[in-house]
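Undergrad: One structure follows; several queries about it will come next.
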Amino acid sequence: MNYQDNSLKSLKLGQKTEYASQYDRTLLQPVPRALNRDGLGITQNQPFTIGADIWTAYEISWLNEKGLPQVAIADIYLDYQSQNLIESKSFKLYLNSFNQSKFTDFNAVQQTMQRDLIECAQGDVKVRLNPVAVYDAQKIEHLQGDCIDEQDIEITSYEFNANWLKDCVSDEIVEEKLVSHLLKSNCLITNQPDWGTLHIHYVGKKINHEKLLRYVVSFRQHNEFHEQCVERIFCDLMHYAKPEKLTVYARYTRRGGLDINPFRSNFENLPENLRLARQ
């Protein structure tokens, strides 16, 4: 996997940047999904058939035609089959460029964002712009399943190691939903920590919870984007556990007014966006 690709070298992430005072769609920067999928051997055929990068954008503002500031929160679904993912700092800079620009109404802003994101991602993107009142009524949710974090085990290594999943299943066939709040990886470019809650829903041979937890913890010093981590977890579970059905879903904490929540499945529909306690 060659992370020195020119598409990474040109990213604004980790560089000192200035904030645009007027709307500028050219601030958006794509990252080819193939950069990570080539290494996983899934560029042409992905083992998941349903998926999206689900973003929540909390810091959106623009001016109405009379110059009065408006604010909103956006739910954004970026299809897993898009050619590119969107680099998060460039997305933040792009959203900030709306701050001093005039738009006629919510719909004009929503349509503008959707058009620009589709062009950058080279794939399907859905944008829903919400008034703040919608989120005032939103409850803090939790992901349903058995939490695997309270095991009395000793951890001595924090280097990524997929081999923790070797021989991880028994002969018992089950349907399980498992949750871990201990997912932590690091940004591919800046090395900043990314904190997430991981949800795994599968049907197949029962996965050993200790081996799974050790595997999750091994991401602690691993450098990849959120979306790439989730696809790696999906591929590793398919390789070692070989479930009949599998969903991998991670909800990461907010940074720069954005949270990113990748969802990949071979049997479940996309979830409604929600908000966890750490979000």
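Heads up, the Cβ atoms here are built off N, Cα and C, so glycines get one too.
Feature table excerpt (Swiss-Prot):
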BINDING   Ile86, Glu87, Ser88, His226, Glu227  substrate binding site
BINDING   Ser88, Lys89, Arg255, Gly256  NADPH binding site
ACT_SITE  Cys187  active site, thioimide intermediate
ACT_SITE  Asp194  active site, proton donor
Undergrad: Can you grab the distance from Arg255 (NADPH binding site) over to the residue listed as 'active site, thioimide intermediate'? Cα atoms, rounded to a whole Å.
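TA: Taking the Cα atoms only, Arg255 (NADPH binding site) lies 12 Å from the residue listed as 'active site, thioimide intermediate'.
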Undergrad: Please list residues from the chain of His226 (substrate binding site) whose Cβ is under 8 angstroms from its Cβ, counting only those at least six apart in sequence.
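TA: Sequence-distant Cβ neighbours: Asp53, Ser185, Asp194, Gly196, Ala250, Tyr252, Ile260, Asn261, Pro262.
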Undergrad: Which one is it: of the binding-site residues Ile86, Glu87, Ser88, Glu227, whose Cα lies the shortest distance from the Cα of Gly256 (NADPH binding site)?
TA: Ser88
Undergrad: Excluding Ile86, Glu87, Ser88, His226, Glu227, please set out which residues of the same chain place their CB within 8 Å of the center of the CB atoms of the substrate site, keeping sequence order.
TA: Val31, Asp53, Leu85, Phe91, Phe225, Ile260
Undergrad: Please identify which of Ile86, Cys187 has the densest Cβ environment, defined as other Cβ atoms within 10 Å, among these recorded positions.
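TA: Selected residue: Ile86.
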